[in-house]
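Visitor: According to TrEMBL:
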- 21-37: transmembrane segment (TRANSMEM)
- 49-69: transmembrane segment (TRANSMEM)
- 76-97: transmembrane segment (TRANSMEM)
- 109-132: transmembrane segment (TRANSMEM)
- 139-158: transmembrane segment (TRANSMEM)
- 178-200: transmembrane segment (TRANSMEM)
- 229-250: transmembrane segment (TRANSMEM)
- 262-278: transmembrane segment (TRANSMEM)
- 285-305: transmembrane segment (TRANSMEM)
- 311-331: transmembrane segment (TRANSMEM)
Amino acid sequence: MKLEAAKESFTKSLRRDAHTYRLLGFLLVVFLFFAIAKPDGFLQMRTWQAMAFQFPEFGLMALGVMLTMITGGIDLSVVGIANMTSIGAAVIMLSLAPVDASGGQATVAILAAIIFALAAGALAGAFNGYLVSKVGIPPILVTLGTLELFTGIAVIITGGKPVSGLPTQYGQIFAGKAFGVIPVPLIVFLLVAVIIAFLLTKTTYGIKLRLLGTNPKAANLSGLHTTALLLKTYTISGMTAAAGGLVMLANYNSAKADYGSTYTLLTILIVVLGGVNPNGGSGRIIGVLLSVFTLQILSSGLNMFPSISSFYRPLIWGSALLIVIVMDHFSEDGVLKKLRRKERVSSE
């Protein structure tokens, strides 16, 4: 009886999390391919540490995009927010502490810069949320416009030039390694991911978010305060984007208006590949995490093949997305089939 119950439980889990298991399988295939093809470079500790320094940049932005997509919207402005806030943080650090500043002076400057960046990211996100929820402009238009707005502000502040000369303590902390092994950006990314996972699964915020994304009309009729919910969601997205900007600032030891220019499309790819419904209503953070890891391993693995130009990377990422979407298409419990059922029901 216990064996049958275990089999039934496993079968239900397999059906419920089919997309996650497929993505995990794809991740394992990618890992094994590079481990066999380039074992000397791919399996080195320094390779994995380099990955753990890089993917938190766009991974943090993708977490915010995931939340907005669950509501049925999207946030295309994350890169603009990241660059604008990181430039502001860099300017504050430069004004409060020079490169060779003492420990106490540098600490004050770094704390002030972090607080400013997160607050500015929250305000930028709230601005997006206000235009979406109060003014009623479609999210894709709002965030596309604010992407250009925030990027323009960053260009005006810097004149299009990089801002460098940060206190050395900032890079030592945020581009350093905890216990000499674990990259600090990875710790920041996982901490934020755990917080968002808690919000989605253990609070009413997650329930309301999915209800709004599944059926906005029903959410309004049920008395759900959709304006406040959207404001909160886009504010969180702005803060995660700012956190990504702070990681970029540490990794590059400078800030510039066009850093991470490819991350806008990459974050969307990550979220959709992770199983978040583009029409809203569903999405799990485990899928997004697996998607982040998969794309980073693909990117780092391809760098080990000198004959493969970096121009091929978007082609490979797009192909990976299509493979998962096609597999999802033929799955009875896939996102696309659920989406088509939802459309048929609404049309009837």
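Cβ coordinates come from backbone N, Cα and C, glycine included.
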Visitor: The transmembrane segment (229-250): which same-chain residues, six or more beyond its ends, come within Cβ distance under 8 Å?
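Guide: Apart from its flanks, the transmembrane segment (229-250) reaches 56-61, 63-65, 67-68, 71, 73, 75, 77-79, 81-86, 89-90, 114, 117-118, 120-126, 128-130, 132-133, 166, 170-171, 173-175, 184-185, 188-189, 192, 196, 205, 208-209, 212, 259-260, 263.
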Visitor: Apart from its near flanks, which chain residues at least 6 from the ends of the transmembrane segment (285-305) lie with a Cβ under 8 angstroms of it?
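Guide: Residues 19-20, 23-24, 26-27, 30-31, 33-34, 37-38, 41-42, 47, 50-51, 54-55, 58-59, 62-63, 66, 193, 196-197, 200, 266, 269-271, 273-276, 312-313, 316-317, 320 contact the transmembrane segment (285-305) from elsewhere in the chain.
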Visitor: Which bits of the chain, at least 6 residues beyond where the transmembrane segment (109-132) starts or stops, bring a Cβ under 8 A of a Cβ in it?
Guide: 64, 73, 75, 77, 81-82, 84-86, 88-90, 92-93, 96-97, 101, 138-139, 142-143, 146, 150, 167, 169-170, 173, 230-243, 245-246
Visitor: Do any residues of this chain, six or more beyond the ends of the transmembrane segment (139-158), have a C-beta under 8 angstroms from a C-beta of it, and if so which?
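Guide: Distal contacts: 68, 73-77, 79-81, 83-84, 87-88, 91, 124, 127-128, 131-132, 255-258, 264.
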